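Heads up: the structure comes next, in structure tokens.
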Amino acid sequence: MRLSPRAALSSPEIICSRCSQSCNNKELGIRIPRPLGQGPSRFVPEEEILQLASEDANMHSVFADAFTDLGRLDNITLVMVFHPQYLESFLKTQHYLLQMDGPLSPCYQHYIGIMAASRHQCSYLVNLHVNDFIHHGGDQKWLNGLENAPQKLRNLGELNKMLAHRPWLITKEHIKQLLKAGEHSWSLAELIHAIVLLAHYHSLASFTFGCGINPEIHSNGGHTFRPPSVSNYCICDITNGNHGTEGHLPVGIVMPTDSTCEVEALMVKMKQLQEGRDEEEASQEEMATRFEREKTESMVFSTEDEDPPPDIDVSRHFEDTSYGYKDFSRRGMHVPTFRVQDYSWEDHGYSLVNRLYPDVGQLLDEKFHIAYNLTYNTMAMHKDVDTSTLRRAVWNYVHCMFGIRYDDYDYGEINQLLDRSFKVYIKNVVCSPEKTSKRMYDGFWRQFKHSEKVHVNLLLMEARMQGELLYALRAITRYMT
């Protein structure tokens, strides 16, 4: 049984006295772990998360179901508590992918999760699935490196790296190689299950890094045995959830910034765009030109130049460690635009997934719609705000970076609504999440609430997942026809 580090004690004064006596008794030799992180997230104050979780009565049943399912309440779930409607859909989908009988065995499911998370060096997700893989009786030799896994899983490595970094390169030939590999062949149902898992964990790595998720105290990298350096800090504070005094402002306190009119200016632009839609629309040629311009300009907002040093324990789970995201619009490289009017999730991908992996298409569709349409009609301190224009700009910008175009969308809106710091953040979280820093998180939408920034990360995660699925499912459709 794991005791929560957030369980409050009724008599901290008595415990502190006992702690003091125990600490002075060197003969005991007890090593007490101390959490390295302050709460579930490095970016979001712990008090805001815990306060929200305690105020929403419905969250108790959601948490209970999640704990029953997985035997844990992980920090991703705790950060998603800001958006309970989405969280319920997310947990339901993840439960179906991992807990219900499907084309793939539990060992394969969790190993694919390890492979996917490893592409972005997401040790948090890798460690979760290593534990689950072992729990389900997986062969621990596989964990020594991808070369020790069955050939069938190793064959999935090429699709994994393209899906994670350059999904526009996936063709029906890649699908054929997996389906026609002799004794190591995948069935169509197995491949759909694998692709959904890969896309799920690539995008979940984006959310993990985008929200600065901390490892739990019992996980690798989640604790230390060194004494705290903050004065007047007692070991029993660990169980009270008090991890020191530095790091975050009290709940409700907003840092003063130079951008005091940032929110108001954005709201004015949104209103102008919404009111201007009744005016004469641009021609199809002009709309296409604006898309190409936005796609090309997206390369200006480069991800951080410095690659984080590879984690040996993580990188062993995939091949070709140098393979990463590349701007498809760089000079000398041209990839045809993916027109949603020709192949969309609603008209093509949804039915294909549902046919080969029943009910999953419905669950994914519900999750996409909740993330896309989620709104509380608020922006920072303002209420009764229609945020649909802004949400659509964020979603379509992610797809634009992947070369995916909506014919009925004016891409000129993106430049009006998304400033440079926000575009840099989006590109890092979606394309190279392992490079995301607190500086980037703090640097965009400085007057907005943490719950709103978490909402942004939900949009980025789901837009990325749908983009990956569109390319992979289109390749399968082309193979089948």
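Easy rule for this one: first residue shown is 1, then count along the chain.
From the backbone N, Cα and C atoms, a Cβ is placed for every residue, glycine too.
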Considering the L-leucine binding residues Thr375, Tyr376, Asn377, Thr378, Thr387 given in Swiss-Prot, which of Glu297, Glu434, Glu452, Glu462 is annotated for that site as well?
Glu452
May I ask you to indicate which of 273-294, 295-316 is given in Swiss-Prot as region 'Disordered'?
295-316
Separation of alpha carbons, Cys122 (active site, cysteine sulfenic acid (-SOH) intermediate) and Asn377 (L-leucine binding site) (Å)
33
Sort the binding-site residues Thr375, Tyr376, Thr378, Glu452 by C-alpha distance from Cys122 (active site, cysteine sulfenic acid (-SOH) intermediate) and give me just the closest.
Glu452
Three-state secondary structure, which DSSP defines for Glu452 (L-leucine binding site):
helix
Just to verify: the residue among Thr375, Asn377, Thr378, Thr387 with the fewest other Cβ atoms within 10 Å, which of the binding-site residues is it?
Asn377
Would you count the other C-beta atoms found within 10 angstroms of the C-beta of Glu452 (L-leucine binding site) for me?
16
Reduced DSSP state (H/G/I helix, E/B strand, rest coil) at Thr378 (L-leucine binding site) is strand
Count the Cβ atoms, other than its own, that fall within 10 Å of the Cβ of Cys122 (active site, cysteine sulfenic acid (-SOH) intermediate), considering every protein chain shown.
26
